[in-house]
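Below: one structure, written as structure tokens.
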Amino acid sequence: AIGFRARLRSWPSPGACGRRGCWCTSRSGYCARGSARWRCAAGCASPASSRTCAASPTCRWGGGRRRSGGGPRRGGSSSSRSPSPSSRASASTSSTPRCLVVENSENPCWKATGFSVPNVKEQRKKHPTEATTLRPLDSGVVETRELDDAALLTSLAEKGLAVKPATSGDYHAVECDVAIVGSGCGGGVAAAVLASAGHKVLVVEKGDYFTPDDYSSVEGPSMERLYEQGGIFCTSNVTTVLYAGTTVGGGSAVNWSASIRTPREILQEWSRDHGLPVFGSAAYVQAMDAVCARLAVTDGCREEGFQNKVVRRGCEALGLPVDRVPRNSSEGHHCGSCYLGCPTGDKRGTDTTWLVDAVEHGAVILAGCKAERLIFQNNSGKNGRSKKCVGLVATCMSNGITKKLRIEAKVSISACGALMTPPLLRNSGLRNRHVGRNLHLHPVSMAWGYFPDTNQEPQLTGKCYEGGIITSMHRVTERTIIETPALGPGAFASLVPWESGRDMKERMRRYTRTAHAFALVRDHAAGSVYGEGRVHYSPSRGDIEELRDGLRRALRIMVASGAAEVGTHRSDGLRLRCKGVQDKDLEAFLDEVTVARGPMQPGTDTWALLCSAHQMGSCRMGSSPKEGAVDGRGESWEAEGLYVCDGSLLPTAVGVNPMITIQSLAYCLSMDIAESLA
């Protein structure tokens, strides 16, 4: 920090805003010292109130959204986009930076750690992808943060929706055939299938719309804009850190690309033991084929990244099987930044596939708009459901829009994920006991190994943040697998146990050559979602034992791969220096390895946090209201016309990365919904 301040004091030239000592640049899009002048992509200092570039009439003006010093950048033509009022206000009043980034969105500490933001232009030259429109959803997306009431209604009407402005009431009325809350793996697929069937679809998404040109790969501000609670979302009992996407494309825009089909034994279990015939049907297999085809899934990989090389080499040295992981990207995709939005555009999330199909068939995506509650009427119904869902109420997250939206629809679909669907249903008055229960998280515990870059062998070149995030997988037991994570320098620093300042500096200096592998368990324990941001979860004793065995296996793999030092993230800094280590020393070390409880648990001497990027089961399907929150078609047992179409449907944890499972199930259910509407 002292060095950083000294650098600012000695900075001889003014920043992009014209103020000496300011670190804003044409890429940062705002002045951290209080200037209201923004910098456009062509290099002119256009004022914030301007919608045009003073240097070039065709310039893509770069100041469309405050980037907090390096977050997702906004693009678009100068004639159609300007900063939101709130963005201008915060840009003109901010007196301190949101994160330590300087020229070209770089952090002065990165050089010491060996980290740098990926050179996207070089990656695109190396691995050119199929040419696509810069903003493929522009014809169907309405970005509410930049609008006022009149502009919002005009935009919706121009896109074919029937709108009725509020007169004396608090709501603007909007009519459509299908309202979908959420645009991720479930919502994106449902939108495409239903729009293709000729229905007018409106997707409500609280996150913003970003494209590859908007992604900066700078960790802190990108997490803030792309993840629930900025990526700092912990269970209420402080056992597990949760990662869930909140942007157009949902989790599919920020996940790690693993595209694994639902295991056959899991399908048999769900079909047989849970009485859900959809999972045993030929239609589900056809849905997996259709999903994998649309995502162009391949298990080929031209070059693996450093961490996956470590796992593969260690498994081979121990005679253990290691599998290739299929991905929804090309064989040459060597991007380690996909968890912050893929800057190369190679990864195929719903924002570049299913939602594009939906928009081409007339669907509208309302970005920056949050669903508050569903609207029900009494139902005389022949099917035993006492309520009928006729739409939802939503709030636009813009200071310029003063009224809420009353969206009236024949069918409403909640697809906002296993953490957000239960609060929406509960807030709307649904009382089925399974809403918010049976939450499974695929808890993860990590091991690390340090591989000095001196005399590195050709098989283990590279840095930990480079290359495809997951390309190799080792199965430990029927319930446990080992894969590799994405860890930026910030996340790495937050996980490293504190021993001393000197130790922390040394750990950060080793960052780029520290490989991580994690044990992921198909958990039997079930947590609960009590409300928005309120989650309780504790792994069972059996889950802990599986994690411990997986963690030990991961450490063995690191040692066999040639690590100089290995360890875990337990609070006491448990580690082993491997030079000259004997088998008995290794076994003694592994006997000490445990999966510690969270820091808030009583009687805890050592502690650690688990992580979860997969949330499932909190509104599970069931053969009756006693067994689940929805039926085998995804329809609520309590309300006709209300469907759930996301990971919360899954009866249990699936045991592998669930993207293909969620999309395939959404495909099946939305085909049924389209048929019922017809």
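Including glycine, each Cβ sits where the backbone N, Cα and C put it.
Since the structure is predicted, the reported quantities are computational estimates derived from the model, not experimental observations.
What TrEMBL records for this protein:
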ACT_SITE  H614  active site, proton acceptor
BINDING   176-191  FAD binding site
COMPBIAS  75-98  compositional bias 'Low complexity'
DOMAIN    223-444  domain 'Glucose-methanol-choline oxidoreductase N-terminal'
DOMAIN    534-666  domain 'Glucose-methanol-choline oxidoreductase C-terminal'
REGION    63-98  region 'Disordered'
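Within 10 Å of the Cβ of V178 (FAD binding site) there are 25 other Cβ atoms, across all protein chains. You'll find the Cα of A190 (FAD binding site) roughly 20 Å from the Cα of the residue listed as 'active site, proton acceptor'. The Cβ of G184 (FAD binding site) has 36 other Cβ atoms within 10 Å, all protein chains considered. Residue counts for the domain 'Glucose-methanol-choline oxidoreductase C-terminal' (534-666) under DSSP (helix as H, G, I; strand as E, B; rest coil) come to 41 helix, 23 strand, 69 coil. The distance from the Cα of C176 (FAD binding site) to the Cα of the residue listed as 'active site, proton acceptor' comes to 31 Å.
Within 10 Å of the C-beta atom of A190 (FAD binding site) sit 34 other C-beta atoms, taking all shown protein chains into account.
Note on the domain 'Glucose-methanol-choline oxidoreductase N-terminal' (223-444): mean pLDDT across this stretch is 96. Looking at G184 (FAD binding site) and the residue listed as 'active site, proton acceptor', their Cα atoms lie 13 Å from each other. Within 10 Å of the C-beta of G186 (FAD binding site) we count 35 further C-beta atoms, all protein chains included. Distance between Cα atoms for V178 (FAD binding site) and H614 (active site, proton acceptor): 27 Å, as a whole number. A separation of roughly 16 Å, to the nearest angstrom, links the Cα atoms of the residue listed as 'active site, proton acceptor' and G182 (FAD binding site). The most densely surrounded of the binding-site residues C176, I180 is I180 (count of other Cβ atoms within 10 A of its Cβ).
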